[in-house]
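Colleague: Below, the features straight out of Swiss-Prot:
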{"type": "BINDING", "residues": "Gly65, Trp162, Asn215, Arg407", "note": "substrate binding site"}
{"type": "MOD_RES", "residues": "Lys73", "note": "N6-acetyllysine"}
{"type": "MOD_RES", "residues": "Lys73", "note": "N6-succinyllysine"}
{"type": "MOD_RES", "residues": "Lys82", "note": "N6-acetyllysine"}
{"type": "MOD_RES", "residues": "Tyr96", "note": "3'-nitrotyrosine"}
{"type": "MOD_RES", "residues": "Lys107", "note": "N6-acetyllysine"}
{"type": "MOD_RES", "residues": "Lys122", "note": "N6-acetyllysine"}
{"type": "MOD_RES", "residues": "Ser143", "note": "phosphoserine"}
{"type": "MOD_RES", "residues": "Lys234", "note": "N6-acetyllysine"}
{"type": "MOD_RES", "residues": "Lys296", "note": "N6-acetyllysine"}
{"type": "MOD_RES", "residues": "Lys309", "note": "N6-acetyllysine"}
{"type": "MOD_RES", "residues": "Lys387", "note": "N6-acetyllysine"}
{"type": "MOD_RES", "residues": "Lys404", "note": "N6-acetyllysine"}
{"type": "TRANSIT", "residues": "1-29", "note": "transit peptide"}
Amino acid sequence: MALLHSSRILSGMAAAFHPGLAAAASARASSWWTHVEMGPPDPILGVTEAFKRDTNSKKMNLGVGAYRDDNGKPYVLPSVRKAEAQIAAKNLDKEYLPIGGLAEFCKASAELALGENNEVLKSGRFVTVQTISGTGALRVGASFLQRFFKFSRDVFLPKPSWGNHTPIFRDAGMQLQGYRYYDPKTCGFDFSGALEDISKIPEQSVLLLHACAHNPTGVDPRPEQWKEIASVVKKKNLFAFFDMAYQGFASGDGDKDAWAVRHFIEQGINVCLCQSYAKNMGLYGERVGAFTVVCKDAEEAKRVESQLKILIRPLYSNPPLNGARIAATILTSPDLRKQWLQEVKGMADRIISMRTQLVSNLKKEGSSHNWQHITDQIGMFCFTGLKPEQVERLTKEFSVYMTKDGRISVAGVTSGNVGYLAHAIHQVTK
């Protein structure tokens, strides 16, 4: 300690006798970043942090969009465990993937989305690249639009849309516009408003569509409504940009959930599509996704693929290996694929059951409100229709956490806490 003290004294003396040392120290203390302001907290992560600090044993976190089992625990699909075991037994290397990703994964993803017998796949007039989950697919797609979609910089999002859509497209250099989608009066789809707004969008603009399980509302168009939307899109010559983060997870049927995408293609509309395996395979942390562009012909697809690779190279060079191997193993193994589809249906069915039980318990509580929208909506999320002040009461009085707009993740509801949730909602809405 004495030696350390002496060295500090000597350092101070040196600085006093040598002004240059003091100036250097002062220069090191300055910063390039004094003008950088503290950014706003992420609204969903903020909910989670508040939940963690709460000591109430009955607390519920309904903000996070991750599936939980009926005990409220994270769920790793048995089919994923089997795929991991098969991969481990092969003692494979950990070499870089190509820029476009794992070939068998890309092929299987396109088949899952479009259907194995789709004309697009048979003719080869498509390109699919592996991406860093759905967010990466969106960013790659947005960057491709910014560079090559020469007709317009406007991307029209449904109101509301997933919160990350806006910064993804904005940071890629696109401009954001909106069209009516959710009707707060009915807690349902504003079909007439959406159709009217879409029909007024300038020709050759980009229209973003949620393929299924709209996030955050859980409100989806019916097939006959999708048909009318597709008709307007074709008439107005709009570019349909599909985000499909929940295939199979919405209804429990992957083909049903992909119906809108396939219908648009059948109508001669060349779309692009973002996929994620975070929800339907539970591969949240593996970051597994895909981006597909449907083209005029195979030659055009090759040109598009070449440019996608040029875009990806400076973004992240190449995508992660492990998650793509897991997904490809499941999708290309008949037994594992069958098991996985059953597990996806099981997850979807549990969420549907929780919706039904919540409404049933609200009726038992004596609520006079119409809660039918809870069972009408689909997928992981539910727009409850709760007002911000009611959400605040739920948090303060009952330790029930959700985003301020009243969105809840139904996956966070279990048979053990659904009664408590119904009681809490009734107390703040009666």
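The backbone N, Cα and C atoms fix where each Cβ goes, glycine too.
The shown structure was predicted, so the numbers you read here are calculated from the model rather than taken from an experiment.
What's the neighbourhood like for each of these?
Modeller: DSSP assigns Asn215 (substrate binding site) to coil, not to a helix or a strand.
The Cβ neighbour count for Lys73 (N6-acetyllysine), using a 10 Å radius and every protein chain shown, is 9.
Mapped onto three states, the DSSP output places Lys73 (N6-acetyllysine) in coil.
All protein chains included, Lys82 (N6-acetyllysine) registers 18 other Cβ atoms within 10 Å of its own Cβ.
All protein chains considered, the CB of Tyr96 (3'-nitrotyrosine) has 9 other CB atoms within 10 Å. DSSP assigns Tyr96 (3'-nitrotyrosine) to coil in the three-state reduction, outside any helix or strand.
Annotation note: Lys107 (N6-acetyllysine) sits in a helical segment as assigned by DSSP. Around Lys107 (N6-acetyllysine), the same-chain residues six or more apart in sequence whose CB sits under 8 Å from its CB are Thr128, listed in sequence order.
DSSP classifies Lys122 (N6-acetyllysine) as helix under the three-state reduction.
The Cβ of Ser143 (phosphoserine) has Ala172, Gly173, Leu311, Leu315 as same-chain neighbours under 8 Å, each 6 or more residues away in sequence.
Sequence-distant neighbours of Lys234 (N6-acetyllysine) (same chain, six or more apart, CB under 8 Å from its CB) are Gln267, Gly268, Ile269, listed in sequence order. Secondary structure at Lys234 (N6-acetyllysine), taken from DSSP and collapsed to helix, strand or coil, is helix.
Counting Cβ atoms from all protein chains shown, Lys296 (N6-acetyllysine) has 10 others lying within 10 Å of its own Cβ.
Close to Lys309 (N6-acetyllysine) in the fold, though at least 6 residues off in sequence, lie Ile99, Gly100, Val129, each with a CB less than 8 Å from its CB. Lys309 (N6-acetyllysine) falls within a helical segment according to DSSP.
Sequence-distant contacts of Lys387 (N6-acetyllysine), defined by Cβ-Cβ distance under 8 angstroms and a gap of at least six in the same chain, are Gly406.
Sequence-distant neighbours of Lys404 (N6-acetyllysine) (same chain, 6+ residues apart, CB-CB distance under 8 A): Pro43, Pro388, Val391, Glu392. The DSSP secondary structure for Lys404 (N6-acetyllysine) is coil.
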Colleague: Other than Gly65, Trp162, Asn215, Arg407, which residues of the same chain sit close to substrate? List them in sequence order, counting a residue when its Cβ is within 8 Å of the Cβ centroid of the site.
Modeller: Gly163, Pro216, Met380, Phe381, Ser409
Colleague: Would you give the longest CA-CA distance, in whole angstrom, between residues of Gly65, Trp162, Asn215, Arg407, the set recorded as binding substrate?
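Modeller: Farthest Cα pair among residues binding substrate: 12 Å.
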Colleague: In whole Å, how far is Lys73 (N6-acetyllysine) from Arg407 (substrate binding site) when you measure between their Cα atoms?
Modeller: 20
Colleague: Out of Lys122, Arg407, which of the recorded positions is least crowded by other Cβ atoms within 10 Å?
Modeller: Lys122
